[in-house]
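So that you can see what the record holds, here are the features copied from Swiss-Prot:
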type     : residues                                                    : note
BINDING  : 51, 52, 53, 75, 224, 225, 226, 227, 327, 332, 333, 334, 335 : UDP-N-acetyl-alpha-D-glucosamine binding site
CARBOHYD : 153                                                         : N-beta-linked (GlcNAc) arginine
CARBOHYD : 184                                                         : N-beta-linked (GlcNAc) arginine
BINDING  : 228, 325, 327                                               : Mn(2+) binding site
ACT_SITE : 258                                                         : active site, proton acceptor
CARBOHYD : 305                                                         : N-beta-linked (GlcNAc) arginine
CARBOHYD : 335                                                         : N-beta-linked (GlcNAc) arginine
């Protein structure tokens, strides 16, 4: 199986190589905006996490693993490759979809073939502690806007929130942040549950009752990788500013925070909790823009007067043993 994976990977014909001469941070501190943040460790046993939410399981065979695995997008092989390279780590795969019995058996077989792979069904986890009723969010925002002076009040936004409140009260008064995202399609739902899993950290593996996870400590962290991130070697022990880092996309002279990699050294990291607070306080919050980027910028006090490029460099997850964002070289097959 190892040779098949390696052979498959070698056929991808990527035109780039791993970023050369990366200097990985070691223990010490990192400075942003005049504040020193300790570089906290994620050791070699911190679990990795991949995620695959499949909207259309019928596009796979009845007894096939329902994760894309083509020459252009070898996502399943990337997961297997990570499990082979990082034998000492638990490799979580958070899945969701209306899978057939045969597809579930195929996922169970994957766990037997690679004992450090742990398939976790999203429906097996309890996210109620991170939930909030939409009506409460709307009512709080209505009160906040109505308390503003009339000359600065956003009447259009106020009207839209009142419409949303009326719709919720009419159709489903118990509708919540979690249940509403469960109805969403596309990357928004994908991103939302990723954030919640990372808030749980290692606790999610323990909650799911996965065999062989007894070595994970409650309250520990997790390293999320998009399935198009390709490992070429062990990650080792990582040192991150206050125990968190994310992927940074670089295109030409521009850069942006991305959620293709999110690494945290502990459950309920305060930056992600701040992002959840924003989601709880905004009428139309976004799990990427608010839950990740907003949470990071609030927690590390990165305001508009600070240099965004400097913040990206500060919070960036860097590693010479990862090919970053390989889907940008082909076409993402997630749909």
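The backbone N, Cα and C atoms fix where each Cβ goes, and this holds for glycine too.
Annotated features taken from Swiss-Prot, shown on the structure.
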{"residue": "51", "record": "UDP-N-acetyl-alpha-D-glucosamine binding site", "DSSP (3 states)": "strand"}
{"residue": "153", "record": "N-beta-linked (GlcNAc) arginine", "DSSP (3 states)": "coil"}
{"residue": "184", "record": "N-beta-linked (GlcNAc) arginine", "DSSP (3 states)": "coil"}
{"residue": "224", "record": "UDP-N-acetyl-alpha-D-glucosamine binding site", "DSSP (3 states)": "strand"}
{"residue": "258", "record": "active site, proton acceptor", "DSSP (3 states)": "strand"}
{"residue": "305", "record": "N-beta-linked (GlcNAc) arginine", "DSSP (3 states)": "coil"}
When the number of other CB atoms within 10 A of each residue's CB is tallied over all shown chains, which of the glycosylation sites 153, 305 has the maximum? 153
Nearest of the recorded positions (53, 153, 305) to residue 258 (active site, proton acceptor) - Cα to Cα: 53
Give the distance between the Cα atoms of residue 226 (UDP-N-acetyl-alpha-D-glucosamine binding site) and residue 305 (N-beta-linked (GlcNAc) arginine), rounded to the nearest whole Å. 31
Of 51, 224, 226, 228, 258, which of the recorded positions has the most Cβ neighbours inside 10 Å? 224
If you compare CA-to-CA distances from residue 228 (Mn(2+) binding site) to each of the recorded positions 53, 184, 305, which comes out shortest? 53
Measuring CA to CA, name the entry from the binding-site residues 51, 53, 224 that ends up nearest residue 305 (N-beta-linked (GlcNAc) arginine). 224
Residue 51 (UDP-N-acetyl-alpha-D-glucosamine binding site) to residue 184 (N-beta-linked (GlcNAc) arginine): how many Å between their Cα atoms? 17
Cα proximity to residue 184 (N-beta-linked (GlcNAc) arginine), best match among recorded positions 53, 153, 224: 53
